[in-house]
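Engineer: Per Swiss-Prot, the features are:
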REGION    2-77  region 'Interaction with PPP5C'
BINDING   Cys5, Cys10, Cys24, His64  Zn(2+) 1 binding site
DOMAIN    5-64  domain 'CHORD 1'
BINDING   His27, Cys42, Cys43, Cys59  Zn(2+) 2 binding site
BINDING   Cys157, Cys162, Cys176, His216  Zn(2+) 3 binding site
DOMAIN    157-216  domain 'CHORD 2'
BINDING   His179, Cys194, Cys195, Cys211  Zn(2+) 4 binding site
Amino acid sequence: MALLCYNRGCGQRFDPETNSDDACTYHPGVPVFHDALKGWSCCKRRTTDFSDFLSIVGCTKGRHNSEKPPEPVKPEVKTTEKKELCELKPKFQEHIIQAPKPVEAIKRPSPDEPMTNLELKISASLKQALDKLKLSSGNEENKKEEDNDEIKIGTSCKNGGCSKTYQGLESLEEVCVYHSGVPIFHEGMKYWSCCRRKTSDFNTFLAQEGCTKGKHMWTKKDAGKKVVPCRHDWHQTGGEVTISVYAKNSLPELSRVEANSTLLNVHIVFEGEKEFDQNVKLWGVIDVKRSYVTMTATKIEITMRKAEPMQWASLELPAAKKQEKQKDATTD
């Protein structure tokens, strides 16, 4: 019976009886994500593309490992007994002070409000990167490589979550089990947008079996595919919500981010002809006039000022709440 190898960067299935000291090629280090660059602590290679990161060949050989890494242990919280709680109660007379009434929530504005383009703030790093691209664009046109359909033995599949490598013509007929979505890292949790099996352990995330079946993608063909997915994340403070879109070398003159109090439309052109589009029905209400966009060489940050200082349960309004808001609007 074939077992799954849990060594980082391997993910292959192996026969325990034929497992040898050099059967596995893996990474002994840990994944490193810094300034949109992804790599392994044991290797010097870095990339901005998550699929390329997953396909980085291991730098160490050893035996396959079938032992699944343990999930991080959560500390056990013990409650004291009722008897102890009674003893902890103060013996003096308590004076209860009533808290002030909470501020009434702002009524949700209509989604049909006119959209406004948010202010774009362009960083010096992006300006320098775009200037370099303009200088080298003329030379690159003369140095374009001719399309070559030949696939080299050992080429990794570019589909997310697939660890298969090209072994010959028979690999063209194999069924690829992969993740059709994009990886999401939020508040310590890691998961794919297509199946949302969340985990806090990176090795378990890499070992998650795909949720979609199709053909292997041995080469990336961006030609003719303008609209592409981008890894994006969000976080919040008491007064602001920030969305980070990891798109490199975005073009300010072709990009736009527009919003009203409850809707956000994002259109970003980056790396030449790639486009990213996202429309979000916001969970809360924002102050459009005090919201803005910061564009850097490695990402775009959309900073939205909250209309009221409250914690958002999520970035996007759930489908059930959307229907309730629509019903309220029709009855009014």
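Yeah, the Cβs are placed from backbone N, Cα and C, and that goes for glycine too.
Since we're looking at a predicted model, the values are computed, not measured.
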Engineer: Pop the mean pLDDT for the domain 'CHORD 2' (157-216) in here, whole number is fine.
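Structural biologist: 86, rounded to a whole number.
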Engineer: Near Cys194 (Zn(2+) 4 binding site), which residues of its own chain have a C-beta under 8 A away, given they sit six or more steps off in sequence?
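Structural biologist: Correct list: His179, Ser180, Gly181, Cys211, Thr212.
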Engineer: Output, ordered by sequence, the same-chain residues six or more apart from Cys24 (Zn(2+) 1 binding site) with a CB under 8 Å from its CB, or 'none'.
Structural biologist: Cys5, Asn7, Cys10, Gln12, Phe14, Gly58, Lys61, Gly62, Arg63, His64, Asn65
Engineer: Given the binding-site residues His27, Cys43, Cys195, find the one whose Cα is closest in space to the Cα of Cys176 (Zn(2+) 3 binding site).
Structural biologist: Cys195
Engineer: So around the Zn(2+) 1 site, Cys5, Cys10, Cys24, His64 aside, which residues have their CB within 8 A of the centroid of those CB atoms?
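Structural biologist: Filtered neighbour residues, in order: Tyr6, Asn7, Gly11, Gln12, Phe14, Ala23, Thr25, Tyr26, Gly62, Arg63, Asn65.
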Engineer: Using only C-alpha positions, which one of Cys157, Cys162, His216 is spatially nearest Cys195 (Zn(2+) 4 binding site)? These are the binding-site residues in the record.
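Structural biologist: In terms of Cα distance, Cys195 (Zn(2+) 4 binding site) lies closest to Cys162.
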Engineer: In the region 'Interaction with PPP5C' (2-77), how many residues does DSSP put in helix, strand and coil?
Structural biologist: 8 helix, 20 strand, 48 coil
Engineer: Beyond His27, Cys42, Cys43, Cys59, what residues of that chain have CB atoms within 8 A of the centre of the Zn(2+) 2 site's CB atoms?
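Structural biologist: The answer, listed by sequence position, is Gly9, Pro28, Gly29, Trp40, Ser41, Ile56, Gly58, Thr60.
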Engineer: Taking DSSP three-state, what's His179 (Zn(2+) 4 binding site) in: helix, strand or coil?
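Structural biologist: Strand, per DSSP.
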Engineer: Write down the Cα-Cα distance for His27 (Zn(2+) 2 binding site) and His216 (Zn(2+) 3 binding site), rounded and given in Å.
Structural biologist: 23
Engineer: Roughly how many Å separate the Cα of His27 (Zn(2+) 2 binding site) from that of Cys162 (Zn(2+) 3 binding site), to the nearest whole number?
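Structural biologist: One finds 17 Å between the Cα atoms of these residues.
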